[in-house]
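Chemist: The transmembrane segment annotation in TrEMBL covers A:22-42, A:84-102, A:129-152, A:158-181, A:241-262, A:268-291, A:298-319, A:345-367, A:397-420, A:432-456, A:463-482, A:502-525.
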Amino acid sequence: MIGTALIGTGHLVRLALRRDRILLPIWILFLVGITYSTTTALEELYKTPESRALLGVTANANSAFLAMLGPLHDTSSLGGLVAWRWGVFSGLFIAIMAMLVVTRHTRAEEEAGRTELISATVVGRHAPLAAAVIVAGGTSLLIGVLQALALIGKDLDATGAFAFGLSTASVGLVFTGVSAFTAQLSENSRVSNAIAGGFLGVTYLFRAAGDAAGESGPQWLTWFSPIGWTEHVRSFGDDRFWVLGISLAAFVLLVGVSAYVVTRRDVGLGLLATRLGPAGGTIGTPFGLAWRLQKGSLIGWSLALLVVGTIYGSVAQAVGQMVQDNPALGQIVQQIGGADAMVDAFFATITQMLGLITSIYLVQAVLRLRSEETSFRAEPLLATPVSRWGWVASHAVFALAGGAVVLASAGLGLGLVHGLRTDDLGTVLPQMLGAALVQLPAAWVIAGVALALFGLFPQFTGVSWAVVSVSLVITLLGPALQLDQWIIDVAPFTHVPKYPDIVAGPLLWLTGVAAVLLAAGFAGFRRRDLTT
Amino acid sequence: MTSAISVSGLVKTFGPTRALDDLDLNVQTGEVHGFLGPNGAGKSTTIRILLGLLRADSGTARLLGGDPWKDTAALHRRLAYVPGDVNLWPNLTGGEVIDLLGRLRGGLRKQRREELLERFELDPRKKGRTYSKGNRQKVALVAALSSDVELLILDEPTSGLDPLMEAVFQDCINDERERGRTVLLSSHILAEVEALCDRVSIIRNGHCVETGTLADLRHLTRTSISAELAGPPNGLANLDGVHDLVAEGNRVKFEVDSDKLDLALKQLVSSGVRTLTSQPPTLEELFLRHYEDAK
């Protein structure tokens, strides 16, 4: 029974590898390459045991670091530093890889009607899902092993190296399972990815909130996150391989449930059923249509960042507490400027991170234009009296104003909770709204790049995602990797004033840059051929 | 008579491909004009230039007295368009899309909308992603036909419709003609064009090779004759305009240029005709000949 259900899996695996022959090697190269280069950079920076120990004390006292990267468990070797600096992000990136690959070969294929074509040949019912799981899971394992070999190549302890590599692979496996499941839920691959991505975001935040306040905080939260599990492996420290059993169990369970759902549903349909809708409509403007298409994403992002904001807002006080509880840190903290300065630095880092995340929403809102165009849905619209500018503006407003709404929600979450906990809502709330909203001009610049690409070089709009990723990596890792200043300066978020020292200058010129890019995008689209 | 569409010397290239090569097209106000050509001949490219979606490299195009690239919005108020490949928003219902496109064009006739939904047997409550290809096409057709415009531009509008719906479509186009609207109907289905169109333009490799009324074009066509004669045929073989003659005893089969039919028949009568079958020229044949030349 199972045997026939899997017939043709091999062919489908080869088909998937053929389709992804560029994408997968890039992911592998990226995840292994950064492992190697991070090790090299940290080796240069922290040569002596003393310097590593000092880093350990400061890193574990800095809640912004803790929230972003997790605790630094072991400073006795270089490996511990690598695991701390890169482990969480390595997991984050491999999760995105697994998610995109699985959805691309399951729900997206089904949505496009190609699964129907394939299923009519000698291909078992489970073969498409099995092939996607094999490709994504196999790539995850390969990346894990190569990461381990890269670390061993840098003369690090082999056990620790494999603990690290397999930790990364385990996150890839869990998210292979998560996406295999979300692909069964909706008929729409965009929704599948959104649900899986939302799960990734929420579980990342669980671990961030759990870590942010060190031992004073709710550390148990990290056990609810697949990325949190990798921290508990403590690579290059205790090397607790048993923790990886949890990931493996989650993977098996998720794939099993997904395979069961496959046998219970029709090809092309999801578990979430489609209902009949209204026979007539009230939408009568391009903006009305854009609102209909974009509101789900806008509301989802705003709610998500509101929740994120409340989580971080609730941790902030513990950050100050952590410092006071730890006399050993006293001196360092005094140098930085006391407990209040620690809390300020925490908010500065958090709001910057929220700004970076929001730029993903902005780019997604802008790229809706391109997907509307290439799916030929823009054509009948632009054959009505709707002008090209009007159509572009109807979507761009979701990036520009929608981005403000998303960031304000984050600021609201931060300010409300931190304000209530410190009994100073009147001061804290406006401060936090401001700290979140100052990120907006930098996010606009990234949206501007996306719109300029759409208007001037439409076939390269996908490069916008590379721009988002590069700006993320430069902003978060650039200073630690000691990149050249000019590279760091390229990322727009570098120039956002750090809370609480808000100055208008950089905000104005960032807005100016964004305006120029947007204008170029508008003008370019007005002059170019529609893609047909 | 005024021109609703007048195009001359239009050129459009996509990289190395020359999609339109010195194309001329003239559609008079109030006529149903057939725009015939095989896949890839340049029909959709021409239409998209007329809609201001693509920009011509050279040549002139006038639409309802305006410039399709510059006066886009003003012109679009006066026309409705049905693309050959209709894609709908997955989470909007057919009814919502019809009303959206209608409103964007400045309103649609409610009564006509209901009537068309009934005639095309379309359920407007279904979501875009659940419609079949034919039903998506119907959504676009209902939206276009129920709006109050001077010009309808239809790009292979019946692809995916079953023969019953094809007949409904033809009725609708005849209604539009009676209302005095101009229709540009691109198609590769000859029966449809023969049934509906006042005039036809044939396009091949981005160039208009023939234009005129169906009667005009018949001069370029051949009639097939088969006959049984009283005696052996004589003189047919040497007759101007007779092609593919096959004679077996007293039976003959041949094709004759439609404008030489008279002479050929006289020759047959001179041998004494027992039976005679003649097949009128079809556009099909004309069409095939044009493309055979191309091969």
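The backbone N, Cα and C atoms fix where each Cβ goes, and this holds for glycine too.
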Chemist: Do at least three C-beta pairs under 8 angstroms join the transmembrane segment (A:432-456) to the transmembrane segment (A:84-102), pairs 6 or more apart in sequence?
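Modeler: Since fewer than 3 Cβ pairs under 8 Å link them, the transmembrane segment (A:432-456) and the transmembrane segment (A:84-102) do not come into contact.
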Chemist: What same-chain residues lie close to the transmembrane segment (A:502-525): Cβ under 8 Å, and 6 or more beyond its ends?
Modeler: 388-389, 392-393, 396, 400, 434-435, 438, 441-442, 444-445, 447-449, 451-456, 492, 495-496
Chemist: Which residues of the same chain, at least 6 past either end of the transmembrane segment (A:463-482), have a Cβ under 8 Å from a Cβ in it?
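Modeler: Long-range Cβ neighbours of the transmembrane segment (A:463-482): 37-38, 41, 44-45, 68, 85, 89, 352-353, 356, 359-360, 363, 366-367, 446, 449-450, 453, 488, 490-494.
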Chemist: Looking at the stretches A:129-152, A:158-181, A:345-367, A:397-420, which one shares the most CB pairs under 8 Å with the transmembrane segment (A:241-262)?
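Modeler: When the Cβ pairs under 8 Å are tallied, A:158-181 comes out ahead.
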Chemist: Where else in the chain does the transmembrane segment (A:345-367) make close Cβ contacts, counting only residues six or more beyond its ends and a cut-off under 8 Å?
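Modeler: Counting only partners 6 or more residues beyond its ends, the transmembrane segment (A:345-367) has Cβ contacts under 8 Å with 62-65, 67-68, 201, 212, 294, 297-298, 301, 305, 308-309, 312, 316, 319, 336, 395-396, 398-400, 402-403, 406-407, 410-411, 414, 432, 435-436, 438-440, 442-444, 446-447, 450-451, 454, 461, 464-465, 467-468, 471-472, 475-476, 493, 496, 498-500.
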